[in-house]
Amino acid sequence: MPKLRSATSTQGRNMAGARALWRATGMTDGDFGKPIIAVVNSFTQFVPGHVHLKDMGQLVAGAIEEAGGVAKEFNTIAVDDGIAMGHSGMLYSLPSRDLIADSVEYMVNAHCADAMVCISNCDKITPGMMMAAMRLNIPVIFVSGGPMEAGKTKLSDQIIKLDLVDAMIKGADPTVSDEDSDKIERSACPTCGSCSGMFTANSMNCLAEALGLALPGNGSMLATHADREQLFLKAGKQIVELTKRYYQDNDESALPRNIACKEALHNAMCLDIAMGGSTNTILHLLATAQEAEIDYTMEDMDKLSRIVPQLCKVAPSTPEYHMEDVHRAGGVISILGELSRAGLLKTDVPNVLGTTLADVIAKYDITLTDDEDIKKFYRAGPAGIRTTKAFSQDCRWDTLDDDRVNGCIRNLENAFSLEGGLAVLSGNIAVDGCVVKTAGVSDDNLVFTGPAHIFESQDDAVAGVLDGKVVAGEVVVIRYEGPKGGPGMQEMLYPTTYLKSMGLGKACALLTDGRFSGGTSGLSIGHVSPEAADGGTIALVEQGDIIHIDIPTREITLQVSEEVLEERRAAMISKGKQAWKPADRVRPISYALKNYAMLATSADKGAVRNRDLLDGLVDK
């Protein structure tokens, strides 16, 4: 039977000093010997997805104490990608993921905590905590802050749904009046919660369900709805049960590496493809697999992208549906139910409830269950009232959306497309692969050929688009924005947004070794690996070179002979220390970012640290 980790600091006469300090935090004699459970919160007033989390830690802590554990809360940082977007702040977003993972490891190992409840929500916080969970491999449950309600406003006598991306597009569209732009801005983000479409935050919180690390409804129940409180309370109670199963019953199925195993990663990727999740999820799942020491690659993802259909289409891929609509249609579990009936899932994997995925589908899929409480749970809907308070309303839809022919979630026979919403491409310009969100690509753009228009920074690309230098038919190439080259692998939401604002959304393709926001749609291909700064072919592309993109065949080709590429490579190498660096970019880089860049791998490895290099440095 495993010994409680916390016994290191709570047992024995030689730990009198540590116990004295524990007593100063409120612990008493009866607490020593109970499991100490870390409540890992991420409250901040900078981020709407986290602004309502201040009291959530103590809500969970109360449930832990009531169930027989000792709860100790601490906080991580949280970066808002939307606010950091379009300026140097975005350089810090992806590195913050790894900083969060490290900070959780530091706190949990320094204080010998026995288990964790991770209260996350937005883009880099959920994956950062997930990486830490896999690294530490102690019992854990994820519970997120929940999605924002979709915005609504009246334009041209019509009520339309809105989200953050609409505000960005219309704000840069010269044909939109100041009055309408202001209306959209004021209505796009009406409540606390993660932005209302299938962007990165909501994608990751949905994947936490599919991995078995979060409770049913975690990815889709609105932040404002009263029913979400039960997820926090249940997480606090259930983590004590998980902890007992491991430490008292020696049940290793309670550990995250045995829950989020390779088969669970398969299920999560199937969900991701079926719901057209953010391309960032590929980066984060690869990083999670690395931390769990699971051999899971972009090749595995590519195989699934060819056989998994798209069963759910949500903003930004369509204006019709947002996360509140996904929840009404049965949420993540109902999508998994359709995938299971299509024979695509591994349903015998365990979860934090102590059951299997098959059990969860049988109980929570709204097309299968007769449980009226579960049906009521999925009828939880928006109130349409501006607020930053959690659990502030209890509105419900009159009916569920169980229409699997024309609804938000479809069955296999009525899929939005037979191939899913994400695809991995490869070719001489991306030898180790690149990623596109096919859910947001129109059918007439699945094959595209055009001349390269080169930019060596996102800033230059934005200026080029807005100044009219980019024309229809071009492939906009933004390079040296990868994990190492940025550094930090910026999101390219502004270039894609401004292409749409200038009427070029379907007339141009965009290719980058950077990444894209979950709010991106259109022919936007990111994560080109190897990146330019790591000797990738994308660094050798010259102005006017023809690039051919073929999503159905999963190919992307720079139409330049191998002989010419070798000549260009030799010329690049001859530059010595200036090789594989942008020619004219002026960008101050802090020591914190230099530290990240020194060890960063390309996107096909999840942009995690280069472990081989790190081991070599330490061994020296």
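Any Cβ shown, glycine's included, is placed from N, Cα and C.
What you are looking at is a predicted structure, and each value in this text was computed from that prediction instead of being measured.
Residues or ranges marked as Mg(2+) binding site by Swiss-Prot on the basis of sequence analysis: D81, D123, K124, E491. Long-range Cβ neighbours of E491 (Mg(2+) binding site) (same chain, at least 6 residues apart, Cβ-Cβ under 8 Å): D81, M85, M90, S93, N280, G514, R515, F516, S517, T520.
The feature [2Fe-2S] cluster binding site is assigned by Swiss-Prot to C122, C195, with sequence analysis given as support. Neighbour count (other Cβ atoms within 10 Å of the Cβ, all protein chains): 28 for C122 ([2Fe-2S] cluster binding site).
What Swiss-Prot lists as N6-carboxylysine is K124, and the listing cites sequence analysis. When secondary structure is read from DSSP and collapsed to three states, K124 (Mg(2+) binding site) falls in the coil class. Taking a C-beta cut-off of under 8 Å and a sequence gap of six or more, K124 (Mg(2+) binding site) has these contacts in its own chain: A78, V79, D81, S93, L94, S96, R97, I100.
The secondary structure of S517 (active site, proton acceptor), as reduced to three states from DSSP, is coil rather than helix or strand. Summarising the annotation, Swiss-Prot assigns active site, proton acceptor to S517.
Highest local Cβ density among the binding-site residues D81, D123 belongs to D123, counted as other Cβ atoms within 10 Å over all protein chains shown. Using a 10 Å Cβ-Cβ cutoff, C195 ([2Fe-2S] cluster binding site) registers 32 neighbours.
The residues near the Mg(2+) site, meaning same-chain residues not in D81, D123, K124, E491 whose C-beta sits within 8 angstroms of the mean position of the site's C-beta atoms, are V79, A84, M90, S93, L94, C122, T200, A201, N280, S517, in sequence order.
Note on S517 (active site, proton acceptor): other Cβ atoms within 10 Å of its Cβ, all shown chains, come to 31.
Residue pair C195 ([2Fe-2S] cluster binding site) / D123 (Mg(2+) binding site) shows a Cα separation of 10 Å.
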